[in-house]
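Structure, as structure tokens:
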């Protein structure tokens with residue numbers, strides 16, 4: 001139980017579940033990359049002004065195999081597992097064969113997503129793990145491939161007001177074709193029936209290069225459109241198939257191609273097809289989208305983007321240690337606004353964007369393609385969250401981690417996209433997690449609610465705390481101090497008591 005300083009609002013009742021890597025070595029072996037660590041779930045249950053904290057490892061097949069062997073025996077994206085040199089030749093052959101056609105890990109250490117009435121820990125393989133949202137116990141292993149031709153599925157999902165979920169996956173070389181697919185999982189679920197059993201493919205987008213599909217982590221959704229960025233950060237399928245033999249990680253098979261453009265696919269939710277206009281922009285790497293909305297014949301799409309893939313490189317554990325102790329060169333991200341005009345009637349060379357409040361442009365070229373240039377709204381920010389009631393709608397406010405000096409945040413910020421003003425909260429030496437906005441029930445104003453973030457104390461053995469900030473003023477409302485050293489995590493999901 002947390003020690004509460006000042007009062008938590010009475011209306012705030014529910015559980016914030018957060019997920020991230022929490023175990024980085026087993027026996028004599030250690031992971032190379034922070035994203036590879038064993039998933040550690042933790043939750044903050046807020047009830048009648050009190051906070052209860054829980055923390056449990058995700059006990060999937062990967063966790064069980066690794067702990068039984070007391071070494072890393074299941075490969076992750078940045079760490080290839082090899083057999084114990086003391087093992088006999090027969091077991092080495094078996095290990096070799098299993099990696100030639102790899103079965104991916106079920107170490108789901110990135111996010112929490114909801115399908116039907118079920119909550120899942122997720123990474124970006126074909127496996128997710130159902131969890132009990134109250135006890136954090138690990139439940140069924142769910143294989144997307146049983147229900148959909150999806151070998152890789154992004155760990156960010158969208159939800160509509162009816163409770164339906166929308167996700168995006170990559171189908172690798174089915175009938176010789178690699179494609180991206182958007183699928184819908186209906187809200188609610190029959191008792192005992194897996195929600196993915198009712199999944200339906202909404203649309204597919206062919207991959208521009210057959211054996212090197214784009215890596216993506218999220219996508220955008222408005223009332224009438226999906227927005228998908230096919231970026232030149234690519235997975236080389238053939239190299240991944242031979243990685244084990246070549247004694248390299250799968251991550252080494254992901255390459256950024258600065259000479260390529262970035263394609264922006266706009267998909268009509270009603271026709272289930274791409275609109276006819278071909279949008280593109282320069283090379284960039286995007287992990288998180290902030291929001292997307294429609295306005296007067298345009299789709300506006302806000303994303304956090306990088307000039308290259310240096311973000312992934314920075315989270316190798318050796319590099320992370322270096323950064324904690326010294327000033328290192330850091331390619332900080334920009335929050336950019338892109339505008340996609342729904343009408344391409346215009347002269348060659350004309351800017352088709354007619355919105356007065358943005359400098360983003362979309363210029364029609366000779367071949368009919370439209371070159372989009374984004375407006376930089378702000379920079380040095382990551383892990384954006386909004387009032388999700390405004391997802392897909394015109395909005396003003398986002399809540400993000402400040403990563404202007406290093407990819408590990410010590411501050412969080414409220415950003416106003418209309419005025420470009422920022423309000424910061426600083427926690428001294430502590431490290432801040434992704435800020436999650438919870439709207440006040442029946443609130444009308446967009447920023448009427450609270451922001452929850454967990455703060456890791458930089459001084460060991462002093463414990464961390466759950467911070468509650470006012471959504472409007474961004475001032476502290478309350479904190480719940482927990483006598484536990486929190487781990488740095490990735491993403492969280494708030495389940496209100498009513499659900």
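Using N, Cα and C of the backbone, Cβ positions are placed for all residues, glycine too.
Feature annotations, reproduced from TrEMBL:
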| type | residues | note |
| --- | --- | --- |
| BINDING | 156, 217, 288, 491 | Fe cation binding site |
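Cβ proximity to the Fe cation site centre (mean Cβ of 156, 217, 288, 491, cutoff 8 Å) flags the following additional same-chain residues: 110, 111, 154, 155, 218, 287, 289. On its own chain, residue 217 (Fe cation binding site) has 124, 154, 155, 156, 286, 287, 288 as residues at least 6 apart in sequence with a Cβ closer than 8 Å to its own Cβ. Long-range C-beta contacts of residue 491 (Fe cation binding site), restricted to its own chain and to partners at least six residues apart, with a cutoff below 8 Å, comprise 18, 19, 20, 110, 111, 112, 155, 156, 383, 434. There are 21 other CB atoms within 10 A of the CB of residue 288 (Fe cation binding site), with all protein chains counted. The number of other CB atoms found within 10 A of the CB of residue 156 (Fe cation binding site), across every protein chain shown, is 20.
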